[in-house]
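A.B. asks: Pulled from TrEMBL, these are the listed features:
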- 470: active site, proton acceptor (ACT_SITE)
- 191, 230: FAD binding site (BINDING)
- 187-296: domain 'Acyl-CoA oxidase/dehydrogenase middle' (DOMAIN)
- 334-476: domain 'Acyl-CoA oxidase C-alpha1' (DOMAIN)
- 573-705: domain 'Acyl-CoA oxidase C-terminal' (DOMAIN)
């Protein structure tokens with residue numbers, strides 16, 4: 001033991017010496033001070049092999065001038081908390097403010113953006129270009145502050161989206177423009193204390209009084225109180241109430257109604273009780289509240305009636321006779337919500353990576369020889385291994401998120417199911433990735449990652465909520481598995497609220513009026529999670545959903561994998577196809593086995609949760625790889641395409657390395673798994689020269705990053721403190 005201590009002391013002493021290497025501890029000269037560190041901008045030493053401006057076109061994909069306009073708008077106002085650190089000015093919320101102060105600043109910033117015309121057309125223009133512009137501007141807002149983006153998302157996408165989806169012309173005319181202009185401040189009262197992901201189990205009850213032509217909304221018990229309602233605690237004047245609708249003693253299921261909760265002066269309305277959910281681990285700029293309804297009366301016209309209506313004399317009217325299909329329709333706004341959550345998770349990942357990688361290109365630690373210079377963090381292979389695979393995943397998710405937005409804004413009745421599936425799968429995958437990414441970036445920044453002003457540590461608390469709101473990630477994947485099993489077995493859907501999936505996908509007219517609702521034979525169905533796979537046992541070829549590979553023979557993985565094979569896109573897709581189809585077979589077989597043992601179909605699904613999670617991961621990662629390959633195919637030959645090929649291989653191989661299913665089920669041999677790991681390390685070293693260009697391509701202005709991404713010595717100098 002004593003010898004080990006002596007040896008380690010010798011090594012450290014030699015490491016710290018400036019001149020020569022002593023032969024013994026006693027011969028060591030006294031330590032002398034080193035020259036002070038100087039910051040060297042990485043841009044001077046890291047030449048770009050590809051043009052970040054060109055790469056940004058593929059990453060941001062749309063509305064780049066609009067994004068840059070909003071970045072500029074934010075930096076021109078002191079409302080957005082400019083703070084000089086060294087010779088740079090940074091914009092981020094003041095997280096040292098109290099919860100009340102943060103909420104008021106959020107509202108002031110909204111009013112500033114309103115005055116500058118940022119929200120023009122967000123609800124009153126309905127075309128793909130307007131929707132893409134809205135997505136782009138919300139993403140920029142989120143880069144500055146997640147609370148601000150969530151507050152806007154609740155108002156425009158949830159409250160406003162509910163009126164668009166569930167309302168008819170009378171609601172659109174009355175509410176949309178006032179919502180866009182903030183004459184009305186809306187919130188979205190779906191979640192209850194006792195029910196979150198299980199919307200069907202909501203306990204709020206609404207009845208109809210035919211004598212007065214009014215609906216009566218009531219919170220019958222404490223677990224029925226509306227909970228976590230963004231905007232409710234301080235600012236919202238109106239809400240969409242999701243409630244069981246009881247007409248003439250018969251429960252017609254969950255419906256949506258408009259209720260006023262405050263008057264124009266901000267006073268809580270009669271028979272409404274509102275409480276504050278209090279301080280949170282993040283998002284304290286959003287005023288989440290609890291709401292109780294004590295027999296609140298609202299006009300009959302406040303029922304959002306695109307799906308169903310109630311006549312003045314109290315008759316329930318709906319062209320959709322199936323209650324399961326009616327219920328599915330009320331989940332439509334959550335699709336756009338999941339899309340915006342997915343996108344914001346990726347931009348948060350970009351912020352973390354841009355800061356951590358820039359810091360690692362200027363911060364040095366230790367030298368490899370006693371007299372040598374200290375080594376840049378990113379020149380350590382272990383540091384490359386920490387950050388560069390996450391960078392490749394973030395690129396893959398950027399391309400997939402862009403694809404999801406494009407099919408959403410051009411949606412058709414036929415594409416609604418795949419949009420539901422992808423938005424659910426991507427929301428889970430992207431938000432989990434973001435939390436892992438931010439943690440790794442925080443650690444990669446060492447102690448500096450702990451400072452709130454350096455963002456990466458604080459953003460973990462701000463974004464943690466994404467894993468559970470708008471649908472718990474694990475619940476989403478479980479429901480996805482239910483769909484797969486039903487399609488695999490060729491049996492009808494049963495349980496979990498998915499019975500509506502047994503019916504044809506209905507077509508929603510572009511204009512819904514009261515007369516259309518009562519006379520036409522249209523049906524409305526918004527799949528709860530939607531279609532993932534066509535029936536494997538059907539006699540027809542698979543078509544759509546990226547599953548055409550199921551029509552081909554099962555791929556075979558070579559017994560020995562070379563570097564060129566591992567980097568081949570065909571091998572990569574074959575490996576992902578093999579995993580997905582095998583897990584589907586295993587999952588369906590396990591569910592059938594549990595049923596043969598006497599378990600109900602619903603409980604068999606629950607017992608098979610591990611394979612369900614594996615299959616959900618396989619589906620999502622395969623979709624990500626395919627959208628990456630599709631994006632890569634649009635890039636002309638040159639350095640940009642070469643770098644994307646490296647990133648795509650890194651993405652594919654890190655997925656192979658990290659998912660134990662490839663070894664557990666024998667898709668890769670032990671030797672091939674070792675070859676994959678070795679190739680990932682090689683890719684790290686090849687991506688290292690491109691690291692600065694790749695994070696610069698994110699297009700995030702310097703002012704929206706943090707001091708350690710730049711001259712961290714200057715930012716922490718006495719003159720800057």
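A Cβ is built for glycine as well, from the same backbone N, Cα and C atoms used for every other residue.
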A.B. asks: If you draw a 10 Å sphere around the Cβ of residue 230 (FAD binding site), how many other Cβ atoms fall inside it, taking every protein chain shown into account?
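C.D. replies: Residue 230 (FAD binding site) is surrounded by 26 other Cβ atoms within 10 Å.
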A.B. asks: Can you tell me how far the Cα of residue 191 (FAD binding site) sits from the Cα of the residue listed as 'active site, proton acceptor', in Å?
C.D. replies: 9
A.B. asks: Measuring Cα to Cα, tell me the gap between the residue listed as 'active site, proton acceptor' and residue 230 (FAD binding site) in whole angstrom.
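C.D. replies: Given the Cα positions, the residue listed as 'active site, proton acceptor' is 12 Å from residue 230 (FAD binding site).
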A.B. asks: Let me make sure I understand the structure: which of the recorded positions listed (191, 470) has the fewest other Cβ atoms within 10 A of its Cβ?
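C.D. replies: Minimum Cβ neighbour count within 10 Å, taken over the recorded positions 191, 470, occurs at 191.
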A.B. asks: Do you know the DSSP helix, strand and coil residue counts for the domain 'Acyl-CoA oxidase C-terminal' (573-705)?
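C.D. replies: Secondary-structure breakdown of the domain 'Acyl-CoA oxidase C-terminal' (573-705): 110 helix, 0 strand, 23 coil.
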A.B. asks: State the mean pLDDT for the domain 'Acyl-CoA oxidase C-alpha1' (334-476).
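C.D. replies: Looking only at the domain 'Acyl-CoA oxidase C-alpha1' (334-476), pLDDT averages out to 93.
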